Amino acid sequence: EETSIINRHKKEKRELQNKIQALKKAKVDKKKKKEIQEEIVKLEADLERKHAEELSKFADLNLNQRNGDEDVDKIEENSDQQQSGQRLSKAKKRREKKSQSEKERQAQILAEEELNKDSPRNFEMKKIREILKARGLNIHSIQSDGDCLFNAVKHQLNQIGIYDQETSDLRRITADYIQESKDSIIFYMTNPDTDEVLNDEEFLKYCESVRNTKAWGGEIEIKALSHKLNVPIEVVQASGPPTIHGSNIGNKKQTLVITYHRHMYSLGEHYNSTKAFIDDAADEDDTDKN
């Protein structure tokens with residue numbers, strides 16, 4: 001029965017991804033695009049909640065079946081205790097309840113791991129870990145929000161002893177560089193709705209969003225950070241060789257190493273930082289917290 005549930009969940013996830021891809025390909029205006037993104041988030045959350053509830057119910061049923069004989073013994077034991085005027089203490093009842101809840105949680109975790117072990121997210125994570133491990137490095141998790149690139153760079157700066165750059169500072173110097181270098185980079189900056197090169201008004205709006213919002217950063221922002229900080233920045237990803245920005249500037253021994261994840265979160269790409277390799281299992285726990 002567990003196998004059939006897992007297979008059905010895989011099928012439902014594939015069907016949802018096909019639906020999401022169709023929604024993303026639709027040619028719509030900005031307002032409709034935002035509505036579609038909100039619908040995608042809701043669809044994914046609803047399916048995840050549905051799967052979690054089904055796995056939890058299955059875990060409950062499985063535990064009840066496995067513990068049937070134990071329950072009979074407990075009933076007889078409780079009967080004897082009642083006859084002798086003895087009762088289970090509240091503390092013991094709480095411990096038993098906590099123990100059962102933990103068993104249910106572990107059963108659900110195992111079922112979900114089986115369901116997700118072949119997902120693009122896990123495949124990508126495994127490849128990146130292998131690449132980093134060969135270099136004596138591990139992933140250091142960064143919170144999944146629009147600041148992930150800047151916070152990953154901030155963590156890397158801390159690793160080489162630079163502590164005077166806050167996230168807001170990194171956004172400011174990035175926006176400054178983009179504005180200063182408009183003539184050389186404008187042709188790489190396009191409007192996502194029209195695919196046309198940004199006009200002057202759109203360019204200024206882009207710079208302000210980098211400076212004052214949680215707008216997601218990408219290749220242009222990495223290049224800007226590398227030049228402004230005067231350090232090379234290496235981006236490790238699951239497929240293809242690492243990308244190094246600013247390879248001819250600064251001290252190569254102080255190269256900042258971050259990781260790029262295309263499939264880590266359903267809402268879009270993500271950046272993590274890196275740290276010295278210690279232990280696979282411990283690092284995996286650290287990554288899964290985000």
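Glycine too: its Cβ is placed from the backbone N, Cα and C atoms.
Where the annotation comes from TrEMBL, it is an automatic prediction and has not been curated.
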Exercise for the section: With TrEMBL as the source, identify the stretch among 6-53, 102-149 annotated coiled coil. Expected result: 6-53
Exercise for the section: For the domain 'OTU' (137-277), jot down how many residues DSSP puts in helix, in strand and in coil. Expected result: 60 helix, 32 strand, 49 coil
